[in-house]
Each structure stands twice: as C-alpha cells, then as structure tokens.
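Encoded as structure tokens, the structure appears first; notes follow it.
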Amino acid sequence: MTKKKLPLRFTGQHFTIDKVLIKDAIRQANISNQDTVLDIGAGKGFLTVHLLKIANNVVAIENDTALVEHLRKLFSDARNVQVVGCDFRNFAVPKFPFKVVSNIPYGITSDIFKILMFENLENFLGGSIVLQFEPTQKLFSRKLYNPYTVFYHTFFDLKLVYEVGPESFLPPPTVKSALLNIKRKHLFFDFKIKAKYLAFISCLLEKPDLSVKTALKSIFRKSQVRTISEKFGLNLNAQIVCLSPSQWLNCFLEMLEVVPEKFHPS
C-alpha cells in the first residue's frame, strides 16, 4: 500500500479534515448569504467547499502553487469562489466589510492577526480561526504585555470555543490546536487614529512592571491621574499590564481630551 503524499507547508499548516470542526467554525462565524469570506491557507478546499454554499463570495487564498492549481480546477464552475495564489501577507485585503473562516498557517499567526485586527480594523467583522493552542492561550492571559493583544481585545470580542485534537488534521500536528471565534465590537471610534491608540498602549507597556499610577504619570499630570482613577475605576497600585481593554481605551480618549498633542506618544 502506498503512502498518501502530504503537501509540503513551510508555514506550518495542517489541513482540516474534521467535518464537525468545519461546521462549528462556520456556525460560530455566523456566515450569511450577504458575506464575503476569506479562507486563508485554503489548502485543498476542505473549508471552501462548505463556505461557498452559504456565503455570497468566498476568496480562497493559497501560497502553494500545486494547491492553487488544484483549487482552480475544483472550483472552476463555482461562481462565488475566487482563488488567489499568494502568501496572505502579500494579499490585497478587501476595502469593504469581510469575515474570515480559516485554518490558518500556524507559522504566520501573528502576522495574520495584525493584518486582520489592526491594519484592516475598519473592515474586518470577525469570524472563526483554527490556530495553534499556545498563542490562543496568550490572548486570554490575565496580564496583557503585548500592545497588539490589548488592541485586539479593545475592538473585538475573542472567545476560545474549544481545544482541537491532532486527529482533526492531515497531517496531524504535534502541537495542540484551538477554534477561536472573533466578533468586532460596536464602538464609536475614529479608525483614523488607531495607530495613535497603539502608540499610546506601546508607550505605557514599555515598562510593564510599573504601577498604573507611575505609568500614567509619564503622560498625564498627577491631578489628571487621580481624576482618571476616579472616573474609570482604576487601581493605581496595580501593574499597568492589569488594565482592562475598556480602561485602556478610556485612558486614551482622556489623553486626547486633556493632554496637549505635542505630548502624545508617537
């Protein structure tokens, strides 16, 4: 008996073959016939073939040349499927609202998150992502050291749906996996200043062991820190990494109101 030939994936992707997982991912993403959905790392189309039955438009993105050819043949008659052969990091993300349902290449998880939840915050509505369990855990740490993680939680509701076993993939990964649900929050925020907000978070997290009081005093006056504490219920003695996403955003918006622009972090 000959061995089944497995695709070579330098970015660490393992193909989803679990139909229950696929169904759960699509259901969690709340896909409708009005949605444009990206399948990042589409592989052999295991997810795409289910998405095309529900979504208005599916964009299957794949970097492996042989698999791109396979996808184009497989979906040649599908009017609502577009196959794009490229590394997702070079993909021209839609300039209109879209969702993602994807078993992403594990090796570029951080890049994918930044592209979706920071660079394309304006149009990324959310979705479901199958990814390595370890980076998923870091998203839900009680203390948030990574400025991007704070940023993501500010604008998105993130939910770890469940852990996924290696038997759900081909080839089976040696690491644990998870299904992550992402849903953008309804916030009144000027997306044009998202980089300024990230700079604010990054500045205050440069010394993560500092207390909230000491960290805020690098930007605000002492009296302003006291006012902010009372206004937003801050524990000034806690570490700055213990602030909640809503507290981060409130502090930032307060900075825009009371601190001259020349003192804003950049």
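Cβ from N, Cα, C; glycine included.
Source: prediction; values computed, not measured.
According to Swiss-Prot, the features are:
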BINDING   His14, Thr16, Gly41, Glu62, Asp87, Asn103  S-adenosyl-L-methionine binding site
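Shown on the structure are the features that Swiss-Prot records.
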{"residue": "His14", "record": "S-adenosyl-L-methionine binding site", "contacts (Cβ under 8 Å, 6+ apart)": "Asn103, Tyr106, Phe169, Leu170, Pro171, Pro172, Pro173, Ser177"}
{"residue": "Thr16", "record": "S-adenosyl-L-methionine binding site", "contacts (Cβ under 8 Å, 6+ apart)": "Ile22, Gly43, Phe46, Leu47, Asn103, Val130, Ser168, Phe169"}
{"residue": "Glu62", "record": "S-adenosyl-L-methionine binding site", "contacts (Cβ under 8 Å, 6+ apart)": "Gly41, Ala42, Gly43, Val68, Leu71, Val83, Val84, Gly85"}
{"residue": "Asp87", "record": "S-adenosyl-L-methionine binding site", "contacts (Cβ under 8 Å, 6+ apart)": "Asn63"}
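When the record's S-adenosyl-L-methionine-binding residues His14, Thr16, Gly41, Glu62, Asp87, Asn103 are compared pairwise by CA position, the greatest distance found is 19 Å. For Gly41 (S-adenosyl-L-methionine binding site), the Cβ neighbour count at a 10 Å cut-off comes to 28, with all displayed protein chains included. Asp87 (S-adenosyl-L-methionine binding site) falls outside any helix or strand according to DSSP and counts as coil. Neighbours of Asn103 (S-adenosyl-L-methionine binding site), defined as other CB atoms within 10 A of its CB across all chains, total 30. In the three-state DSSP scheme, Gly41 (S-adenosyl-L-methionine binding site) falls into the coil class.
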